[in-house]
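Note sheet for the following structure.
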Amino acid sequence: MTTDVRILGIDPGLRRTGWGLITARGSKLSYLACGVVTSDGDLPLALRLRELHEGLTRIVTTYTPDEVSVEETFVNKDAQATLKLGHARAVALLVPALAGLPVAEYAANLVKKTVAGNGHAEKVQIQAMVKFLLPKAEFKLADAADALAIAITHASHRGAIALDRRHAVAAGGGPGAARIAAALARLDR
């Protein structure tokens, strides 16, 4: 018997972090919700990260996903921008980990290849394929569409690729260890 799995995809960014929630039952995907969490660019970095943390925590608490997928950071010529993206990505990894949820990470080109069939697909192609795969999806910003694409990628690869458990606290040690152990046990079923 196949059960529904709620998958939260996160596209990290300091200005806008996209999120998308789908349900996967076997190979059948259903759209649940999506949006963006924003931070105020006029605030100091620490307060912007707090805004992202609070926003993602609300999403995780409200929608109670079973698994989370986050896009990996790519390095570009602007080291400062890459570092800021790294900060936002750390928040995107931390929030579900604190909630005891398993987190998978996917490279941007794998997301593009999975969703559009081309590892170098343009954003418009990704959005069109997300809309094709999830006809009820309503997204106003590319960040939300990208997050849905990340969730779709996880749904496609979760059975073939073991979740990276290096970030999980060993059962019996550290805060949230019982929740993490329970989440990992659910994956092993």
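Cβ atoms are placed via backbone N, Cα and C, with glycine included.
Pulled from Swiss-Prot:
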- Asp11: active site (ACT_SITE)
- Glu71: active site (ACT_SITE)
- Asp143: active site (ACT_SITE)
- Asp11, Asp143: Mg(2+) 1 binding site (BINDING)
- Glu71: Mg(2+) 2 binding site (BINDING)
For Glu71 (active site), nearby residues of its own chain (Cβ under 8 Å, 6 or more apart in sequence): Ile10, Asp11, Pro12, Arg89, Glu105, Tyr106, Ala107, Ala108, Val111, Asp146, Ile150
Least Cβ-crowded entry, counting other Cβ within 10 Å, from the active-site residues listed as Asp11, Asp143: Asp143
